[in-house]
Amino acid sequence: MTDMQHNPEGENSFDQMPGHTPDDASDDTVAFAQVEQNQVDNQSADNDEKTLAENLGEVADEYEDQDSFDSGLSVQEILINNSADSTATDTFKAVTPDSQSASENGGSRNGKDGNRGGRGANGAKAGSANHGNRSALALLYSLLVFVILIAVAFFALQWYFHDRVSPGVNFGDVSVARNLTGYKEDSVKRVVSDAVDASSLVIKDDRGNSITADLGELGVKINQPNTVRAIMQAKHDNLFTRIMPWIQQSVSLQAKVDHSAMDSYVLTRFVRERDRAVPYSAKFDKNSESYVVEDGIPGRTIETLSVREAVKKILAHPGKSLKVSVTSRKTQAPIKRDAAQKLVDELNKLLSKKITFNNGDGKDFTVPKTVLASWITVKADTTRRKLSYTIDTDKADEFLSQALPKELNQQKVNQEDAINKDGKFIFTTMKGSNGVEITYAKSAAEKAVEALRKGNDFKLTLPAKITKFTVEKKLVEMRIVVDKSTQTASVYKNDELVKTFPVCTGKTGADDSTPGTFFIYLRYASQDMRGRNGDGSSYFSPNVRWVSYYHAGEGFHTASWNYDGIATGDAANHGSHGCINMYEQDARWIYENCPRGTIVQIVGTTPDGPVREK
């Protein structure tokens, strides 16, 4: 636009070229930059110029008290607010002044201009708010993506190390494998095995002798499976620190150290047997089934404290060989009698405890004292001058796993009850017993050993499979009546006499045949018999035929050596040790016709001489 505009303050008119500012203009003067627009209809442009001139005139009349700066600012705002409705070819870009007076003056303008200004301000605020919302949303999305990436990385690492050694886990000496990060179990097993094989002590004494010993020789029992497990599970107590390599954890060899065995090994390697000092100790005496004091002997001993410390270091960092020095010295018995006697008393008290197992069917087994003593190992720590003992669970388990099934298992035996022809019960010829099959587990040995360690008695009923016996009723047709008075044996079948045999019963006194009612329970076609005579001498009768036992060791049998006694019935002079002596054919008839369960009745009194003539 090039037309001259009227200044309401009466100042000089201006006809500015786009982008030009007078030299005397103040810093607060608002400059207008005229920008050419695309060509439009000329008539529309003239109308817009007329409207703009009228608006400027109205503003000049209302604000004639304002200075030229205020006028310029009003024109700027008018141009801005009016630009939305104008189709003029020229638009104006406002350069915002440093002073805030323009915004303050805008509040006092007429309602029309105020409304226009308000719409412009609200639009600016809305645009600023939208821009802020977009920025916050972008930041939120960025944070969300970051968290997701962190979570994915976390779970990916957890998955990767679920069957591998965690970062920061160390094991062994540097020469073996200091850091095992990412190792799988098979690799860890090899590392542990190599570390154990490479671990040793080079021990030198004060006399120039030197030996090389591995951990096993020094009484160290390595548990390689537990060591591997400890390495694989290291740092698993916290999911977050588990994958942090800067958080370190060292794993040592899992082992049990027997200091008594260590001292004994070092002593035997550096000191000759005849020169060694032997401590007083406790030993088990099989004859008395008790512990007694074992005498000590003065001599030379080895100080092994340095060896113990070296073993600790190797267990913490296995896979290397350490050098260590020991010294020897003369000494009395390293452990005194009083200490040994105290241990003996304690161990004998331990042996008095009853360790009993039951099969659940009324049968018990108590561990003998000699067996309990075999579980106990006495240890002498000559460095600390102390006696101690251990109870070996493995030894207990080894014994019980074999002894308990043998002692407590039992075969099922059905009971046999004898009845007469009327069905009436007479007596039990064979007592029944249930079949029992126990179930043994090592936990039984562990519980027994734990009770011993606490000095308590122990009884445990083992789980078992029990098969109940049945009762069989057997009709008893045969009955034998032995009359000592007549020296005869009469056989009845269903109470009817079948046969009568001459016999010779036991001698009077200790060998007399036991009176009472019994039944045949065990039979042999042939048996070797052994026993003792009344004077204490032993006897042996081989190949005795047709034996039918009815009471303990008493029974019917052939007595070919005593046919004269049988013929005369002279039990007082030719009697047996309690059995019923018979001719062979008669004993055989009893064996073949009187089955198990046959009733045997011993009655009468043994005569003083023969009852029959030969």
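Yeah, the Cβs are placed from backbone N, Cα and C, and that goes for glycine too.
Computed from a predicted structure; not experimentally measured.
In the structure as shown, the Cβ atom of His557 (active site, proton donor/acceptor) sits within 10 Å of 26 other Cβ atoms. According to TrEMBL, the feature active site, proton donor/acceptor maps to His557.
The local packing around Cys579 (active site, nucleophile), expressed as other Cβ atoms within 10 Å of its Cβ over all shown chains, amounts to 27. Here TrEMBL flags Cys579 as active site, nucleophile.
According to TrEMBL, the feature compositional bias 'Polar residues' maps to 35-45.
What TrEMBL records for 478-603 is domain 'L,D-TPase catalytic'.
According to TrEMBL, the feature region 'Disordered' maps to 1-54 (among others).
Per TrEMBL, region 'Disordered' is recorded for 95-129 (among others).
Long-range neighbours of the transmembrane segment (138-161) within the same chain, counting only residues 6 or more positions beyond its ends whose Cβ lies under 8 Å from a Cβ of the stretch, are 167, 182, 239, 242-243. The transmembrane segment annotation in TrEMBL covers 138-161.
If you average pLDDT over the domain 'L,D-TPase catalytic' (478-603) in this model, you get 95. Assigned with DSSP, the residues of the domain 'L,D-TPase catalytic' (478-603) fall into helix, strand and coil as follows: 23 helix, 64 strand, 39 coil.
Rounded to the nearest whole angstrom, the C-alpha distance between Cys579 (active site, nucleophile) and His557 (active site, proton donor/acceptor) is 8.
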